[in-house]
Each structure stands twice: as C-alpha cells, then as structure tokens.
Amino acid sequence: MLKGRNLLDPMDFSLEELEEVFKLADEIIEEPEKFLHVCDGKILATLFYEPSTRTRFSFEAAMLRLGGQVIGFSEPNSSSVAKGESVADTIRTVGCYADIAAMRHPKEGAPAIAAMYSEIPVINAGDGSHQHPTQTLTDLLTIRSLKGDLSNLTIGCCGDLKFGRTVHSLVKALSRYKNNKFVFMSPEELKIPDYIRKEILEKNNIEYKEVSKMEDAMAELDILYMTRVQRERFFNEDDYVRLKDSYILDGEKMRYAKKDMMVLHPLPRVNEIAYEIDQDPRGCYFKQAKYGMYVRMALIAKLLGVR
C-alpha cells in the first residue's frame, strides 16, 4: 500500500510498488472516464519555488482530471515565502488545507525537510540539481509503454549530466532493472557526478562508458535521453554560452541510430534537438509529456489511497 507515503527519491518505491503505479496509469489511459471522480473533495497543493511548465501543469491537470481541486503558488514571491517563511512552516500550514502536496525547490533536500514536518504526503517535484522522481516515473512509463520492457536496454544520456536532476534520477531508477547499460555524452565540465558513478553504477557493477562524440555511441543506443544545458545553474554567463551548443541532435546524427531508438527529453528544449527530429517517429518527447500527466494521476490516486 502506498497510501500516505512520500515520494522524495526514485528509490523510495520498490520495483513492485512502481509497477503498481504503472498498472494504474495503464488503466487510466485505457478508460479515463472511470477516474473522473476518484478525488472528489480532495485538494492538491502545488508549492513551486522555481519556474515550471510541464511539471506544474501536469500535476494540476492530473488532479483536476481525477475530480480534485488545486491550490498553490507558481513562484515564491506570491506567497509568504517572500516574507521569510520557512519550508517547515509553509508545509505545516498547507497541510491544514490540502490532502497532498507537490513541491519544487531550488535547494537540494528541501522536499525532504518538508516531509519531516508534514502530515500529508509530499511529492518531490524537483529539488535543485538533485532528484526529480516524478519525471523519472514519466520516463519509465514512457519506455515501458513504447518498448515493452525496462530491462536489457542501452541508454545514452547526453548534455548537462552534472546539474541535470532528471538524468540523476533516471540512472538511479534504471540501474535497478536487469542488464541495462549506460553511455554518457557530455562536456568535461558537465560530466555525471561522482556519487552516481561510484555509489550507483560501480557499486552495483553496472556497465557504463563516457564518450565525447555522439556519433561514437548512437548505433548501440535503445534510448537517447537528451537534456539542455541549464542556464539557471551557471554563475558565469560566459561558461553557459561556451557550453550550450556542445551537443545538438540533428538528422545527420540520427542516421547512425537504430530504426527503433527512442529519443526522450524532459523538456523544455532550447536548441539541443533540431526541430526536424519532431517529424521523426523516434522523437518521443511530446508523447513523454503526456505520459507524465497519466503517471501523476496514478501516483496521486495511490498516495491518497483512493485506488
């Protein structure tokens, strides 16, 4: 049972519990009308201390499609955070009004602190460059739905692997499934963090390699997970400008790829995927965004215990 639980890290749920969520998402996709009122009388609080389009909108759409309601803020200046209120006090107060909360915060660990003080389930909607577990659930559901399995895959992660919380969460999650391998493609300055390399991959004897050119790895990939270089994580604009065009996926590079490779991206896109790829059936990032709403519907229903 997931009722009353928090989701702060992709490792919080067992593989069996993840499969519970995915099976419910499958049911929602097949017969959405059956779920129109399962959250009648329930309220989701969206506490977004950082800008968001897909994550916030998909949480809100998920709750509304389940028959629930939404309260919250989309940037801290519109709340008492601007007056200096702590995360702990904010979540205690919100818990008086809402049944479940989704929090995005620029500081790593802020949702975990909120969960310590909360009487309602807390979902980490992204904390700094740390974790983004609901994006990971989105990615896993997308792969599971379109590939049929989450094992025996070669996954390429490309772009900002240092600050990319979606990549960190995805590698942690996919490392739990059998016979998955990873290829990391990034500038030297944006390499995958040591804690992922040592504590997740090497500790569990998971095969991985790092390459400097996309073309060197494209032919072996089942999944290519693209990320943008994140301007908001840089203190020096010159560094951002120098690195932002490091890896761009275009039609020429796609010639090296398998016919059934999937291109995923957590979005927003800047320039790292050429628009011509939108017409390629291997470009699955907008399907991925839709799966995000369904998996969040399933997650909310499970944590509230209404399904």
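Using the three backbone atoms N, Cα and C, a Cβ is placed for every residue, glycine included.
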- Message: Quick check on the annotation: Swiss-Prot has R54, T55, H132, Q135, L267, P268 binding carbamoyl phosphate, so which of R92, R104, R176, R307 does it put in that site too?
- Response: R104
- Item | R54 (carbamoyl phosphate binding site), number of other Cβ atoms within 10 Å | 16
- Message: Please report the distance from the Cα of Q135 (carbamoyl phosphate binding site) to the Cα of R165 (L-aspartate binding site), rounded to the nearest angstrom.
- Response: 9
- Note on the structure: R165 (L-aspartate binding site) falls, by three-state DSSP, under helix
- Length of the line joining the Cα atoms of T55 (carbamoyl phosphate binding site) and R228 (L-aspartate binding site), in Å: 16
- Any further residue of that chain within 8 Å (Cβ to the Cβ centroid of R54, T55, R104, H132, Q135, L267, P268) of the recorded carbamoyl phosphate site: S52, T53, A125, G126, T166, P266, G292
- Query: Where does H132 (carbamoyl phosphate binding site) sit in the DSSP three-state scheme?
  - Reply: coil
- Item | P268 (carbamoyl phosphate binding site) versus R228 (L-aspartate binding site) - Cα distance in angstrom | 8
